[in-house]
Amino acid sequence: MAPSNGHRNGKHAKSSNKSGNLKRKRVQEDLSSLIKRVEDLDLKAKYESFSDLPISEPTLSGLTSSHFKTLTDIQSRAISHALKGRDVLGAAKTGSGKTLAFLVPILENLYRKQWSDHDGLGALIISPTRELAIQIFEVLRKIGRYHTFSAGLVIGGKSLKEEQERLGRMNILVCTPGRMLQHLDQTAFFETYNLQMLVLDEADRIMDMGFQKTVDAIIGHLPPERQTLLFSATQTKKVSDLARLSLQDPEYVAVHEAASSATPSKLQQHYVVTPLPQKLDTLWSFIRSNLKSKTIVFMSSGKQVRFVYESFRHMQPGIPLLHLHGRQKQGGRLDITTRFSQAQHAVLFSTDVAARGLDFPAVDWVIQLDCPEDADTYIHRVGRTARYERDGRAVLFLDPSEEKGMLRRLEQKRVTVERINVRANKQQSIKNQLQNMCFKDPELKYLGQKAFISYVKSVYIQKDKETFNLKELKLDDFAASLGLPGAPRIKFIKGDDTKERKNASRATAYLTSGDEESDEEGGKKKQPKEKEVRTKYDRMFERRNQDVLAEHYSKLINDDGTIADSKNTEEADEDEDFLSVKRRFDAGDDALHAEDSSASDSDASDSEAEDHTEKKDPKVVKISDKDTLVIDSKRREKLLKSKKKLLKFKGKGTKLVYDDEGNAHELYEMEDEEAFKARGDAKEQQARFLAEEAARTQRADMEDKEIAKQKRREKKEKRKARERELLAEEEREERVAQLVPFDEDEDMGDAGGYSQSSDGEEEAPRPSKRAKVEEPKAVPWYKKEAGKKNDAGEKQIQTLEDLESLATGLLG
């Protein structure tokens, strides 16, 4: 029986191995044929369906299961270039299927390279918002369901630790810039050295000033030898942006570049000129008139979204209201987008967080309550409706001061909007209702104040001052339309007024003052002010510094330091001898001897003779080769003892630099005109100097970047090594043998006789390594008897000799 079973098993194993080899061979043949089809792909041909492209069977099955069969224009042109491995800049209208244009090449390129979990991260997709990243990830799951790749979603608002545990096993990642950079800096086992493809969805938004530093930091972690795909409805062509992404000869694919309009053809676009204080009235009237439709209302700030949502929710317009802004938690944002997508009739108040890429089904209206910052933002906002050849309508609310500038910006982008007027009989005023609610609810009033400030700030920071002019807006009336008792104070507006007053010319101020004086002369003269009562506190504050001598004393002092003649002063006293010069000495030893000799003489004639003696010159000390110091007082004599104080009397030194040969030169040497002309034309010298300096700074910049990159790499490696050591220590601690608690029955069995090994021989007890083990308790006699019986029973079962010895013992 045994040989026959072995023969059957061996035959079955051989057949299974043979079928496995055939399957692998068939897969390799399909793969090689697929690679050949991609190499022979014609980039100029126009493809209509996914089956016409060289796509693998798993991808084609996923597309068919998700009901994707026909190619759009952007998909037909971009996928063929991406399959060839070229960098692509894709630009197409909103709702034209740009997501599949980069997801299909990702799956195909990784499939052709037989990517597995051991190869690490193969593709990275960066999205500007969390909602768009979730949407891309869901599409990737649908069309990639038959592949074996592992895909992950990395966005803010989720647990960082859970993402770190799974990140090292991912092949495809969909992420937002901030969270991706956090993982690149902090996650130890996350490597990107083997990355094959980088995709930036809504690339113009990702590469603007808001994400510039983050994107630059992410690019620094990625290998330069990769394929890069950029997609957006308004694509960038700036050389600086393309150089930052290390694009190599990119293919610019703009399928609607020659179209008459940059927006979908079935989109009806209108604008309404309504003053700022009447915007909320117009919006409320519009919502009440369209209760059986699905609408998105865009505003410029999250505070406005919250205020309009809370106030309209209290007034109950008769349609479900939702609000979406960046300050909400991720769970709430996801719940709101899901509810709005599934709703048949609803109104969503949102900021620009929902303006790009999000695919809400069957949106009827897009209302822009606030003027967009530029034409690109307008195009992305209205792109939430009229998607996939469906009908849609968009309305833009404009203040009279914004109309001219915004229409000019839209014309430059080939966007045509028609003006419509609001029917007066349909418009309802909600000003009194808002005032009543703000009076009763302080929180709503505070929210309204914040909404007012955030709107004014959003207008103030705009660069396009032709369209956004804060001075032409009626802010007081706008505050009243929000239900506020008055316009809140805004610091930056007050600062502008102060700056204007400060920068006003003196001539204007002089003319103004002159006009005021002339008016006063023409009219009645000003009456003198009545004498006010001056208290002791007023006199105290009017006091001058006590250590400063009065003015009348300064009149007594001549310029040379001598006391002025009393005859020349108006306040001369009759006592002329009250202030008189006693003696005056000059510095020096001779003057001191003269003092001693004059002190011995007491006659008036001797003192007069000394006063008229010829004065000697003061001492002159040579400090340096060029500088000298006159010693004419004792204070000057003390200066000679301090080198630090003498420095201010010395001249400034000259700084010398030494060339390679050791010769000294001044720091700045003037060149002759002839020598300058001998070196060529001035413009040529300037251009040559700029080129040399640019090359030098570029080399230095590259060296600095390489050093910084090396430091970051070393720091990351140290952190990873430290984390590996911690993990290894934790594993060692888990593998350490634990002490087993004492068991009476087991110890009794050991003490009751013997323990028998599998060979039937007694094993010597191993010495215990424990420091201290408690002594076992005394075993009762009935347990000993039970142990002996058990031992006897175990011995009886083993061999025939044991059975005979047991019977002999019982009989005897």
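Cβ coordinates are placed from backbone N, Cα and C, and glycine is handled just like the others.
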Of the residue ranges 201-204, 373-376, 409-412, the one that Swiss-Prot records as motif 'DEAD box': 201-204
Could you name the residues, excluding A92, K93, T94, G95, S96, G97, K98, T99, of the same chain that surround the ATP site, i.e. Cβ within 8 Å of the Cβ centre of those residues, in sequence order? T72, I74, A233, R387
DSSP-wise, what's the residue breakdown of the compositional bias 'Basic residues' (710-719) into helix, strand and coil? 10 helix, 0 strand, 0 coil
Spatial neighbours of the compositional bias 'Basic and acidic residues' (720-736) far in sequence, C-beta under 8 Å, 6+ residues away: 188-189
Inside 10 Å of the Cβ of G97 (ATP binding site), count up the other Cβ atoms and send me the figure. 18
List, in sequence order, the same-chain residues at least six positions removed whose CB sits under 8 Å from that of T94 (ATP binding site)? A233, T263, P264, I379, H380, V382, G383, R384, R387
Quick check: in three-state DSSP terms, what is T99 (ATP binding site)? helix
Restricting to the same chain and to sequence separations of six or more, state which residues have a Cβ under 8 Å from that of K98 (ATP binding site). I74, A78, G90, A92, D201, F231, S232, A233
Counting each residue once, how many in the compositional bias 'Basic and acidic residues' (720-736) are helix, strand and coil under DSSP? 16 helix, 0 strand, 1 coil
